[in-house]
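For reference, the structure discussed in these notes is given below.
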Amino acid sequence: MHPRNPYRIPPDFKELALKFPEFRKHAKQKLSGKIEIDFKDAAAVRALSTVLLKRDFNLEVELPPDRLVPTLPLRLNYLLWVEDLLQSAKPPTEQLVHGIDIGTGACCIYPILAARMKGWHFTATETDEVNFKCSVDTLERNCLQTHVTVVKVSAESMLHGNIDTTKQYDFTMCNPPFFDSDSFGPKSRSEKRPSPMCPKSGGSTSATEIAVKGGEVKFIENLIKECHELKPCVRLFTTMVGHKSSLVPIKAFLKEAGACSWNETEFCQGRTTRWGLAWTFCDNIVLANPLLSRRKNNVKGPPPLNYSISREQWSSKGEFSVACVLLKSVELLNSLKMEIRKVKEKKDRKAVEFIAKENTWSNQRRRQREEKRIANQGFEQPELKKAKIDAATLEQQNNHKFRLKGLLLVEETDADFISLQLQWIEGGLGRESMNQILQYMKNHLLEK
């Protein structure tokens, strides 16, 4: 998931159920006390998206029951990636960002999120009459008509004849139909497990939203042809891709079409993986994706590190609660000269983002032994030897404004256990540093 995606920390369903009656009726409590919903139930997913838009973005949205339900983590992953591309392409700072959303869907999800979060402007197109009317209603309900315009178009043309070519646009977005209307989804590797036509979550949808003749490869190839004609007025073109196997033929077609630069990324959220593809016909733009570059340089974010504390272990520390464990954890991070940001407050789950501008945690045990020896012997403390760092590692670390950015999640797993989770987000220092920080916390967290 994108580092800036607010749903890296999943929403608290219990909190949502208590606050929103329309969500509460879909929430179910497990024997463990945990609240969950059935993600195969379109009504439940629709309620979840609606209340999250209301709570987190102050957006009032009504989603029709027979249309595709937008899941927010995926939509935000795509939108934040586009923002990264714009920053790497260095758009003029004095002009407003203006994008095009091709097939905007039932609630104009990308434009309303971008308008609310970033103040961007959008021209959105839609072929489906129900989606078009719902999108117009959404804009009016949220007073976003000055930022977003929805245009009703025919299915024969995605861009050509549908936008004002006298204007300049920064980018396009598109969430294409992934499946071929002539078959029941993409061919499966196993005949016993045919690929479904409908999405795994929120399966209520119209056929035109998820299927098109020729599938997504043909759809995107046609899109690229139209993009080539509009290259004088659009700087970047992007699309989502539903199947990894589609990337090879699409990129081959991009090369034939004369694209000057293109890039791809992977959107991971829950059990769903999608891909993003961006290209440009401007020879002065070189597309760069920070997330993809990190993977290519083998600096991919390591998996989270976990540490569990029992009620018995904490007995001498006072109240055994998520708040108290987080407070002590933040004190330890502060002692390492960490900068603490973005506190996520929930009853049984709290998180902070921490940033280190220097390495203050290496050799902590050796430092402690040396300080103890000096205190006992009364000698002046000699300067500790510095660990050797190879030139490549040093250069990699210095390329960042900070050495390390991470996420600390403190969560109640049951009545007698609280877990700590350390997750690397970005920075030149990786898993070894996270291990050292976790070890430091283990050494001091239970001290009196």
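Backbone N, Cα and C atoms are what each Cβ position is placed from, and that goes for glycine too.
Among the candidates R46, R55, R75, the residue that TrEMBL names alongside G103, E126, N175 for the S-adenosyl-L-methionine site is R75. Among R75, G103, E126, N175, the residues given in the record as binding S-adenosyl-L-methionine, the maximal Cα to Cα distance rounds to 17 Å. G103 (S-adenosyl-L-methionine binding site): 21 other CB atoms within 10 A of its CB, across all protein chains. Secondary structure from DSSP puts R75 (S-adenosyl-L-methionine binding site) in a helix. Less than 8 angstroms from the CB of N175 (S-adenosyl-L-methionine binding site) sit Y78, G103, G105, Y110, T239, M240, each of them six or more residues away in the same chain. The DSSP secondary structure for N175 (S-adenosyl-L-methionine binding site) is coil.
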